[in-house]
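Just below is one structure, and these are the notes that go with it.
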């Protein structure tokens, strides 16, 4: 019941603070015999790494992952895999001002109230740096999925930043990696750049909405009632820093739909059911249908901003606070690879769970 | 790691199918010495009970709960509490038509694919009847919270049904219990009745959005990173049948906000921090701030409708299906007491978790 | 993390008190499609049932099990299976004397100290009646193992009662069911009867040692380090009322062995390794070898006896106590079917765990 | 449900192989605000360290622990604590001979059969080196217990080595640290040295039995039925490499006792119950009584010996095998600090669990 562990069979426990010597993830339950090396995991970390564009924090962290256990001669052994990423660019002095003050909208105050003390350097445990460890764990999940479900792909992208929305008519998955926003529409990139530059110059920050699309997921994953696939995906996304809402398929918009509209009608395809629509987002009753799984979530604006805000400090004094340091103007951007990692972990975990209970067999139709 | 268990210290496991002899909940981890009897739990079940208005299924179930264990001479003993509700009004013959067919938008097909067989009577395990067991478990959580956090209240209500939205200017919590919609605005009730009557006459159904407001929750509940209070609340709500989206505080709307808008500024109150706004919905970094906790979620329209929809059956034949039987035109209505029950269980669980790790002490400010 | 749940994938949660209306087990994670009915489970309960010989408590309980959920048309559905056994012969008045007193060697005093109150009727939750629920859950495990590992057998028997020891030279498994002691040696039965009659007439009770032999268990079950097969078997046996010691293979005697003696040498058999001895009891490094698994455990004498003992009551007064009521002179006897049930649950659980992580594949030799 | 995690609230996950770059433990659920540094943990590691006498493996490992997270300015923060011990003296070439061969009595063959591959260097994950990580985790448990239960002491010692038994009449706890056997009897040390020298010269090894004595444990710890304190202690000890039997109190000997003998009679002391004996070993019904808790366990002889044994290799060939390398002639010796560490973790975990459910209150007597 470890508080810092995610998953049921394929589990990872993240550890580490923003300005400690290192952070990492302890991965347990990984199937044996899967090809894995540091380079494979590194590619996922590189996508999340700060300092790669002017729109993310200028902290320079190589985020080099080391595998300390669980892999032998290039293959997983079935024992725990320890992933460690050393912190190299901690400028703890930047944080002196906020050692005693609570940033509005930040976990500073709640950590203090709960634990009575906190590692204030860079947000300590509540820093987005923790997510590097998740991304590394997600790399292992990807390696296993490549073996167990080779047809499966997981693709994250931004669909909203502040007042700007993705025009789905222009959706082009190929473009996601070609711009600093993970935006699947090349034509919109200049406008997004201008917008975020404006936010940054205003010493402000802005929220975002992201989507993760999981294609090729086998039908039958998910364990009702309280280990539903959508429940676990929602928990996975909500656990990411600054996330305030999660949607599956139609999401909150389903409140406005009628039953006739919302029914995803079914015909018979060559190799199973063929659905005429996907309002459900690929999950019914907590179990995957075999359609695309669509998860969307919102990330609130970075709470560390250069504009002064009223707050208090640990002595109970009322103050105004400016958060110096190196912060993302839109922390949602870097959530894309994190969400992909979490999705990979959830899908793999359910794949293993399903073969525990059902042996991976499927009910026949026709 | 029981699939049908919710919670970490205060846990409940629901069991039972829509048309089996009984259903219930096995509650474990309940503190000892708490006053509890069947009548106390029954009041929560009565709020959720079907057949109480023309807007819910006409199935007549008394939903009488029995306590089979764990309570002695009117007090909990610290041992498992078994709650049983016998099913009395199962008209299984109503479901003969769909024994082999898959309702579009329903879990029929995914249960079949996963398990290879299913109890098709009334949706079996995927029926909303399962939620009666949760409401009963929630009753126990309420009894314990009355002792451990007497100032805490949990209030659910509808904020949207199809195209109709709650006018928050009219919000009156006193009115929630006075109408069939759990609507905190008496003036809107006639319009909601007309609207839902229209839906029903069209042999259709409609979605809904609900909100749960938790007042008086102590600061410091929540266990980062993967047992955050908001993560657990999101999982709790997403586990309810037909829920497709969950929001905390600003929710999906936080994607459009800037950091200056979203910062909940803080002043010093008489007995601790005083927040000037609550965009965060009472949770920062996964830990409660002491403010109101605000959770919102959307329920899709009932998939069982009288309007014919295209689908397939188990033999792989393409058919058109009308779902007879007794179904709610807006299944979201009855989700109100369910969501309150889930919220009560999450809050209690975190209260117990917190006293495990911190002893329930709090960091000082001032 | 339910306190009253056993297992990881195949889990059961027992509930109920000795003199409450009913007791039972909530079984989750059972594979779907397995043939199961009440009669199959009943046969295991009948072996454990009290009142079947003069050497067990004369309480008359039919111990009729009812399946309330999770089975449809004779097959498991993959959803939770609720098993309920109603209590019919509660003579609560028998226990009036000990409502306030603590029996020496009994859990009366620790339950009181921990929970502040207790259901004193018949020992409440700490009564051996709880084990009826385990035996029922074990029946389900047996049903699944029949499908997944048809060659596997689990056989429990007594090896010691007080000063009497099983003469292993006379071991005959066929005889186990033919005497009230689950003794695999017909020739010793009269002596065991005389001995236990003597104990009973002395208003005394006596301890016992039991063995469970698991044959046909596939190699490869067990998940090091903290979910080792022997760890889980030890926990399973130690959780049974009154058990004070558990051994695997040579057990405590291995302290006296040398490495040359203890090495189970290996030759190559027709279909895999062939071991020349089995000091290890079928488990190496927490993983099954494919040999017979041998588990032994000791049960202390029943603490409820008719001979007066010095103790205190809840008011702190020093008293002498005789425990009236109907108690087993050797509670170890009835532990045989309980231990078999626990073993079946552990083996099944590890079989499912193993197919989660490895898919059930095995490393090749030769 | 991580396979490599121990505990429920205070949890640790060990990772690492004998000859990998490092090994360690990820500790979660530690209370905040506890004074902790590397030196405090190091003292426990130093007691277990190999190479400290001629009776343990001559591998020279400094076993220097590093704290990578979860401690700030000398205090625990309530976040995960990562403990890392780098391996420095891996002579992997020593193990070339057994890369393909299976040592009799060793986990080589079961790891191979389960996982299809294994890190054969030094036993990989099944090496006793894993226990260094447990001892480090136990150091943290000790630090917390010092705060929460300052009167509590945990003392391990040997009670048997091969044919030699501790003479309890000579028991002197002060002597435990003064000899290489953790033996509480100075007078017996020369005989034990002679005996073990003989074993070593015979190119053999020998088993051992150990005892852990827990004094000052508060009454009321333990959570029946399946998280009993004795169940968890049994699992903890059985999880240690080479352990084949575990006893609480009278242990296996209770099979020979009668109820009158075994009853621990009770009188009223100044501050609660006073027991006249302790056959139960301090635990009744799975809950601590407040008396001394007595746990005993047997460790089989080291399976890696220099005397040739018959076995097979991975190609299925029958061979004779001598295990070179540096091995303990009595691996049980070094189990003393390991068992103390496991006991500390179990007691702390139950202390936290208990305050979750009961708030740490106790039922009154008198």
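Just so you know, glycine gets a Cβ as well, placed from its N, Cα and C.
Now, the feature entries from TrEMBL:
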BINDING   D:48, D:54  NADP(+) binding site
BINDING   D:125, D:126, D:127, D:241, D:242, D:285, D:300, D:301, D:302, D:303, D:304, D:326  FMN binding site
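Features per TrEMBL, on structure.
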residue: D:48; record: NADP(+) binding site; DSSP class: helix
residue: D:54; record: NADP(+) binding site; DSSP class: coil
residue: D:125; record: FMN binding site; DSSP class: helix
residue: D:242; record: FMN binding site; DSSP class: coil
residue: D:300; record: FMN binding site; DSSP class: coil
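Checking the binding-site residues D:54, D:125, D:302 against chain C with a Cβ-Cβ cut-off of under 8 Å leaves D:125, D:302. Rounded to a whole number, the C-alpha distance linking residue D:302 (FMN binding site) with residue D:48 (NADP(+) binding site) is 16 angstrom. Contact with chain A, taken as any Cβ pair under 8 Å, is found for the binding-site residues D:125 out of D:54, D:125, D:242, D:300.
In this structure the C-alpha atoms belonging to residue D:125 (FMN binding site) and residue D:54 (NADP(+) binding site) are separated by 25 Å. Each of the binding-site residues D:48, D:54, D:300 was scored by the other Cβ atoms within 10 Å of its Cβ; the lowest score goes to D:54. The separation of residue D:54 (NADP(+) binding site) from residue D:127 (FMN binding site), Cα to Cα, is 19 Å. Annotation for the binding-site residues D:127, D:302: lowest Cβ count within 10 Å of the residue's own Cβ, D:127. Recorded residues residue D:300 (FMN binding site) and residue D:48 (NADP(+) binding site) have their alpha carbons 18 Å apart, per Cα-Cα distance.
Sequence-distant neighbours of residue D:242 (FMN binding site) (same chain, six or more apart, CB under 8 Å from its CB) are D:128, D:299, D:300, D:302, D:303, D:331, D:332, D:335, listed in sequence order. Cα spacing between residue D:304 (FMN binding site) and residue D:48 (NADP(+) binding site): 19 Å, rounded to the nearest whole number. Taking each of the binding-site residues D:125, D:304 in turn and counting other Cβ atoms within 10 Å of its Cβ gives the largest count for D:125.
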